[in-house]
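Undergrad: As annotated by TrEMBL, region 'Disordered' applies to 15-44. TrEMBL lists 19-28 with the feature compositional bias 'Polar residues'. Feature annotation from TrEMBL assigns transmembrane segment to 81-99, 111-132, 153-181, 235-255, 264-284, 317-334, 346-369, 430-451, 471-496, 502-523, 543-565, 589-614. Marked as Na(+) 1 binding site by TrEMBL: 87, 89, 90, 94, 442, 445, 446. Here TrEMBL flags 320 as Na(+) 2 binding site.
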């Protein structure tokens, strides 16, 4: 052992041989001085009086950036990481997307496949991605390149999907900005229908009379929606300014990386729950709320035979938990190596699931209120006491189920339903400000994770090797703002629907399938199990390993195949606003839109075979991925991990070798 010295030396240097920088097998007896001028980026130092036990515990969490020799950013504390995960997972998808998918897919019938997908996809994949990020200490591109050079395209595909998602996700935040700004008016602009005077008579807008003031305000005042996607497209300048404001806020929060976003989440991850609880207690006091809850929780069993329902459930799991976007890998890569991510995985996924149910409960309370009011008005207008049938089982008048299905639908469901509830509150301006501020913070949380996945991938690929992170963030946000102007037009809501329907669902299934197969058959579950044991002290259960190796991939293949067959058989449809009827109707996507949708899907998944082929035939020059610093031997000794004897199940079913 080297002689003690008075000067302090860095822990990372102590554990590295001065000759070849290889790990020392026995740090108890082989601690060496670093060569002159060598620095490994550690900020914590130890003196010669430090014990071996302390040496093993000091500064092992620090990751050395392979490009600059500087330390990788880390979360300020565990609370920041947990709140960032909650903020990323619990987002607009819970308030905006989950309720309308539930309504679209038969209410309670959607909850069953959603719960199944949570068990076999949601929790296992969330666990897996956190393990990958924390162990390999890189974003998605670098991590998959380290698993296998031929898998780097998986990381790029994840970044491409994140890019597409961020494009239209920030549009929702722009809608929130518009509503938030107009929430200071009295009365609220969506509380009454607009009127105009003809002679001495005040005429109420006919379209608003048919649809209702909240629905009219959404489609006509906010979106100024065109009759179809084939209509002439004109910029909506209010939306353009709102989009600009949303992207500026995102940039300011992301410009310093996790050091800035990690602090913001203390507010953005907790504030939404306070507002949702308030709206829940208001919702259950509204007349007819119970009818909405019946529609939510009583399933239409025939819907379970529709593969689209299962695809929507699987896709919503990916959206809600942020799976296969590469964002979870990026967020976990900033974790200390000993962080117990398993606890976070269970807590966040279960919290997200119940948040979705809770939010849907609030939304359907309001939908029940709206539909009940319309239903009772229909009965009065037709002078009948109940809904009637033509004798063949077809309801001809005042069918509550039809009314609640048409009362609000599509991507604007949350905006329409909650503004209706806000109208029933005392001092509605106050609650309107709170609600849309809540929506904005939810979107901001999700954008942190989504954009971090894209930015970390850009850093891994060294696309801007000399540029400061602030400059790269500004370039990305500016570029995405310009592209997202396509959503700020009169046909923008239809383009938005196209992105929502095609940009992520199929690509995410494919990426997640390859993730499971790669970690099970390429990286190996035996190796992964040891990695997890080193980090958290326990090995993953058989349930998770079976899900990664068998159940998850099979479920994804079945859902993918069934959904393709269903789309070919029934075609693809989108919702078009019908001003004469006062609600949205279904219309088939034009042929050119289907071509664009196919290109949108291919723009992300083609990276997977493309990069593999290019590397195999050496069409591009590439270097072997340099492994990030991970104190494997020290953790094994610290946790007293003994060699594992493989069981029969592990050998013959899980592929342990």
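Each Cβ is built from the backbone N, Cα and C atoms, and glycine gets one as well.
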Undergrad: Do any residues at least six apart in sequence from residue 94 (Na(+) 1 binding site), in the same chain, have a Cβ closer than 8 Å to its Cβ, and if so which, in order?
TA: 320, 352, 355, 356, 359, 442
Undergrad: Other than its close neighbours in sequence, what residues sit by the transmembrane segment (471-496), given a CB gap under 8 Å and a spacing of at least six beyond its ends?
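TA: For the transmembrane segment (471-496), the list is 163, 166-168, 170-171, 174, 223-226, 228-229, 231-236, 239-240, 242-244, 247, 250-251, 254-255, 411-412, 451, 454-455, 458-459, 464, 574, 576.
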Undergrad: Is the transmembrane segment (589-614) in contact with the transmembrane segment (153-181), using at least 3 Cβ pairs under 8 Å (sequence separation of 6 or more) as the test?
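TA: Output yes: the transmembrane segment (153-181) sits against the transmembrane segment (589-614).
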Undergrad: Any contact between the transmembrane segment (502-523) and the transmembrane segment (81-99)? By contact I mean 3+ C-beta pairs closer than 8 Å, pairs at least 6 apart along the chain.
TA: no
Undergrad: Any contact between the transmembrane segment (346-369) and the transmembrane segment (111-132), i.e. 3 or more CB pairs below 8 Å with pairs at least 6 residues apart?
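TA: With 3 or more qualifying Cβ pairs, these stretches touch.
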Undergrad: Restricting to CB pairs under 8 Å, which listed stretch, 235-255, 317-334, 430-451, 543-565, is in contact most with the transmembrane segment (111-132)?
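TA: Stretch with maximum Cβ contacts: 317-334.
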Undergrad: Any contact between the transmembrane segment (235-255) and the transmembrane segment (543-565), i.e. 3 or more CB pairs below 8 Å with pairs at least 6 residues apart?
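TA: Answer no, regions not in contact.
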Undergrad: List, by number or range, the same-chain residues at least 6 past the transmembrane segment (430-451) whose CB is under 8 A from its CB atoms?
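TA: That would be 84, 86-88, 90-96, 162, 165-166, 169-170, 172-173, 176-177, 179-180, 183-184, 188, 246, 249-250, 253-254, 261, 264-265, 267-269, 271-272, 275-276, 278-279, 322, 325, 327-328, 330-331, 414, 418-419, 422, 476-477.
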Undergrad: If you skip the near sequence neighbours and keep only those at least six away, which residues in the chain come within under 8 angstroms of residue 446 (Na(+) 1 binding site), Cβ to Cβ?
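TA: Listed in sequence order, they are 87, 88, 91, 92, 93, 169, 322.
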Undergrad: For the transmembrane segment (317-334), give me same-chain residues lying six or more residues beyond its boundaries with a C-beta closer than 8 angstroms to one of its C-beta atoms, as numbers and ranges.
TA: 63, 72-75, 81, 84-85, 88-89, 91, 93-94, 97-98, 114, 117-118, 121-122, 125-126, 129-134, 136-141, 143, 155, 158-159, 161-162, 165, 258, 341, 348-349, 352, 356, 446, 449-450, 452-453, 456-457, 504-505, 507-509, 511-512, 515
Undergrad: Just to confirm: which same-chain residues, 6+ apart in sequence, have a Cβ under 8 Å from the Cβ of residue 89 (Na(+) 1 binding site)?
TA: 320, 321, 322, 348, 349, 351, 352
